[in-house]
Amino acid sequence: MAKYFGTDGVRGVANKELTPELAFKLGRYGGYVLAHNEGEKHPKVLVGRDTRVSGEMLESALIAGLISIGAEVMRLGVISTPGVAYLTREMEADLGVMISASHNPVPDNGIKFFGSDGFKLSDDQEQEIEHLLDQDNPDLPRPVGEDIVHYSDYFEGAQKYISYLKSTVDVDLAGMKIALDGAHGSTSSLAPFLFGDLEADTVTIGCNPNGYNINQEVGSTHPESLAKVVVESECDFGLAFDGDGDRLIAIDEKGNIVDGDQIMFIIGQAMSKNQELNNNMIVSTVMSNLGFYKALENEGIQSNKTKVGDRYVVEEMRRGNYNLGGEQSGHIVLMDYNTTGDGLLTGVQLASIIKMTGKSLSQLTSQMKKYPQSLVNVRVTDKYRVEENIDVQEIMTKVEVEMNGEGRILVRPSGTEPLVRVMVEAATDEDAQRYANTIAEVVQDKMGLDN
């Protein structure tokens, strides 16, 4: 069976790998699996997209596929991924679909599905869609005549989502000057409206999409652009979103980057003090910084680690009924309010904490000391054998003894490439780089492609 779904939906180069033909089939078969086979004759489906030039092409094909199976489609236009997830639940739709490749460059695009509960698909649901794609089954329902349903536009959905985000905080942001970076993507209009409605004074970059400039030297993957603006414009802080609005990276008033670990710590600390943190637990991935875990320990907050990927964070949060989790990359999940990472929601919550505490962002982050981190990738013949390689395990043990508790080692196979990733955190940059290179040399010697 072909594998279409990755860790975050179906992705590829638009019109080459992710073609209109494939988008049509994803609409048809995805609509059947996730809505039509629930017994609904005309399942209600919401469709949103980011600002990529290929979005309208794929949107048209996807909607045609959905209508061909009998779906009633509401087109949301340009909106964030978490906006689609929220509206799918709020409007009691049977299915939500987002067309986006998130932080990827403009040639890429993707299609991801949300169930009626607002959560991404299970592995079983993805496999069922893939099975139908392989079969290309001609026997699925094909409504005709009066059974074919019109699609409609519901661009007001974005304002409904903004109104909801405003309702999640009890303070306005009057007197605060905030720099916003929309990555020329889904939040380009949403972010200025949201923070403007909350009475903040805003300075914006990355909010002029033209279909071709999404994520181009702006957004959460290029926070240095916003850092410069924050300092030059004397802002209180800055918020950088990614192309589809499910990530947030912040900038403090001094121009320092504040990553997902630091944001989780600040929000988790506030929630814990207000007795709002379920089981006093934060869910993160194995890539979170050692300083994050030490800071949580100092606050008496527990932590739980998952594999890399926000879907694994969400799975663990649902399993344990936890309400805060996320990744260093800026995917922050606040389960009390939404079912997926939400950059705008996270930004509003962070701004609210800054306003209520009266502390600057640099003061709030100072309570978490980040350990310098070094990452080395090694191309290998069989990445999955790294955990059983005796020489690699021995050098890891030796380095751990030398670090004496002031560091951390993570050696793991890449999820997408024939690589072993060696990550070391240590007390200094020099130590982190030296230890990472030492381990990587052994991985290369014993497992590398050249050997």
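Yeah, the Cβs are placed from backbone N, Cα and C, and that goes for glycine too.
Noted in Swiss-Prot for the protein shown:
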- S102: active site, phosphoserine intermediate (ACT_SITE)
- S102, D242, D244, D246: Mg(2+) binding site (BINDING)
- S102: phosphoserine (MOD_RES)
Remaining residues near the recorded Mg(2+) site, that is with C-beta within 8 Å of the centroid of the site residues S102, D242, D244, D246: D50, S80, T81, S100, H103, G185, S186, F241, G243, G245, R247, G341, G343
The residue listed as 'active site, phosphoserine intermediate' versus D246 (Mg(2+) binding site) - Cα distance in angstrom: 8
Per DSSP, three-state class assigned to D242 (Mg(2+) binding site): coil
Tertiary neighbours of D244 (Mg(2+) binding site) (same chain, Cβ under 8 Å, six or more apart): D50, S80, T81, M98, S100, A101, S102, H103, G185, S186
Proximal but sequence-remote residues of the same chain as D242 (Mg(2+) binding site) (Cβ under 8 Å, at least 6 apart): S102, H103, A183, G185, N215, G219, S220, T221, G330, G343
Fewest Cβ neighbours within 10 Å, where candidates are the recorded positions S102, D246: S102
